[in-house]
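Scroll down for the structure; my scribbles are underneath it.
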């Protein structure tokens, strides 16, 4: 995930997935009112094809694809034994387990009795993500460290709201906060991709240190600043981005 595309692609997927849940959570509460029950996936209704389980199938497919890309060390497409790649793959493995178990419980018509297990598996995804960010970010200092620290805060909200939605399935606020926090995760990942890997978004006096990838579309890099003032300007840009997001 330490590339531009490694942040943009999963970030976009998180944002779309979260937006889908926000829409369906609000719609479900509007239709059911006091009988509302939170869901960790939502069926896709189509008049032409039977696509009820489309969300789970896409979630499973994307997570398996992401694991393969980590093992094959995209964009080099060779088997990788890098520890950080396995760390990233472990997060998507939890998503795979959640999608497989939830799909199995639906197909076996035991979803109601196993809904709590699905909720805990969903929470484990965010728990693993938080653990990954906490330990994997130990080598991210300076600007990258600030971006990863803010991402950890969003993931904490996702974890707490997932546990709350599992413990109190009729809680609309917990379900809504969970969905919105996933959207924020996706948007912040995409923001990190642009602000940390695209040179024209870097403050004057700071540069993107390129890795071994051969093109700007999949560059590996970190931000290095020549002076303290340049680093401060880049941090100010990060703070400004957060403030814009907090506007009503």
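Numbering starts at 1 and runs along the chain as it is shown here.
Each Cβ is built from the backbone N, Cα and C atoms, and glycine gets one as well.
Predicted automatically and left uncurated, TrEMBL annotations should be read as such.
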Requested in this report: Would you mind telling me which of 91-107, 210-226 TrEMBL tags as transmembrane segment?
Outcome: 91-107
**Report entry** Selection from 12-30, 51-71, 91-107, 114-135, the stretch that has most Cβ pairs under 8 A to the transmembrane segment (175-198)
**Finding:** 12-30
Query raised in the report: List, by number or range, the same-chain residues at least 6 past the transmembrane segment (91-107) whose CB is under 8 A from its CB atoms?
Result: 40-41, 53, 56-57, 59-60, 62-64, 66-67, 70, 114-115, 117-118, 121-122, 124-125, 128-129, 132
**Report entry** Long-range neighbours of the transmembrane segment (114-135), counting only residues six or more past its ends (CB under 8 A)
**Finding:** 40, 87-88, 90-91, 94-95, 97-98, 101-102, 105, 148, 151-152, 155-156, 158-159, 162-163, 165-166, 169
